[in-house]
Amino acid sequence: MSIKKDGIMVILSSPSGAGKTTLVKLLSKNKNFHISISHTTRKPRLNEIADKDYYFVDHDKFENLIKNEEFLEYAKVFNHLYGTTRTPVIEKLEKGENVIFDIDWQGADQIKNKKLNYKLITFFILPPSKEILFERLSNRDMKDKLIVEERMKEFSRDVLHWINYDYVIINDDLEECYSKISSLIDAEINNGSKDYDKDFIRKHVEKLTS
């Protein structure tokens, strides 16, 4: 008789525009991860689908969820609230299903501090350069230069939290970045060897923040 295993949790965080949402969708499709759908008080972006990409709610609804202690994690990002409700995540993990989170460093810290009895692997995604990040943000649905400038300021602060993650991956090529994350997840699950150069990452962060 086989012993049922609990699912694992994988967190992907990154500065805005570094590509984590695309990577989360790839991992969900190719590695059978359930994407944890966050609640948010911001308005939908172009091509975002309610109840698939996010649960779009007003501030009162969000505050009620906080009051009722329904969030596994929540944070304020760019003047909007984001949060992950506990029950859907725990239900999936207990059934042996894996869950992947697209959240920022604040949410990642909260989940780590909860010390849940499930395996957790955390990744921080970096752009290859500040110039490429600026280009990505400018080409997205952000025609307002002030918004792009705000994102770049936040980047300088957010990137400092890389040290709190298990792995930091540079997204200079989407397929290669996905492959690295996928291999590291497999190695973590199977207790295999992990090809990861932390000194190289440290030097890259120093270059990004100089």
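Glycine too: its Cβ is placed from the backbone N, Cα and C atoms.
If you look up Swiss-Prot, you'll see Ser14, Pro15, Ser16, Gly17, Ala18, Gly19, Lys20, Thr21 marked as ATP binding site. Here Swiss-Prot flags 7-186 as domain 'Guanylate kinase-like'.
Features recorded in Swiss-Prot, as mapped to the structure shown.
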residue : record           : contacts (Cβ under 8 Å, 6+ apart)
Ser14   : ATP binding site : Lys20, Phe124, Ile125, Leu126, Asn171
Pro15   : ATP binding site : Leu126, Pro127, Leu133, Arg151, Glu154, Phe155, Asp158, Val159
Ser16   : ATP binding site : Phe78, Leu137, Arg151, Glu154, Phe155
Ala18   : ATP binding site : Ile125, Leu126, Pro127, Leu133, Arg136, Asn171
Gly19   : ATP binding site : Ile125, Pro127, Arg136, Asn171, Leu174, Cys177
Thr21   : ATP binding site : Asp102
May I have the list of same-chain residues other than Ser14, Pro15, Ser16, Gly17, Ala18, Gly19, Lys20, Thr21 whose Cβ is within 8 Å of the Cβ centroid of the recorded ATP site, in sequence order? Ile125, Pro127, Asn171
Per-residue pLDDT averaged over the domain 'Guanylate kinase-like' (7-186) comes to what? 92
If you count Cβ atoms within 10 Å of the Cβ of Lys20 (ATP binding site), leaving out that atom itself, what do you get? 24
Neighbour tally for Gly17 (ATP binding site), based on other Cβ positions within 10 Å of its Cβ: 23
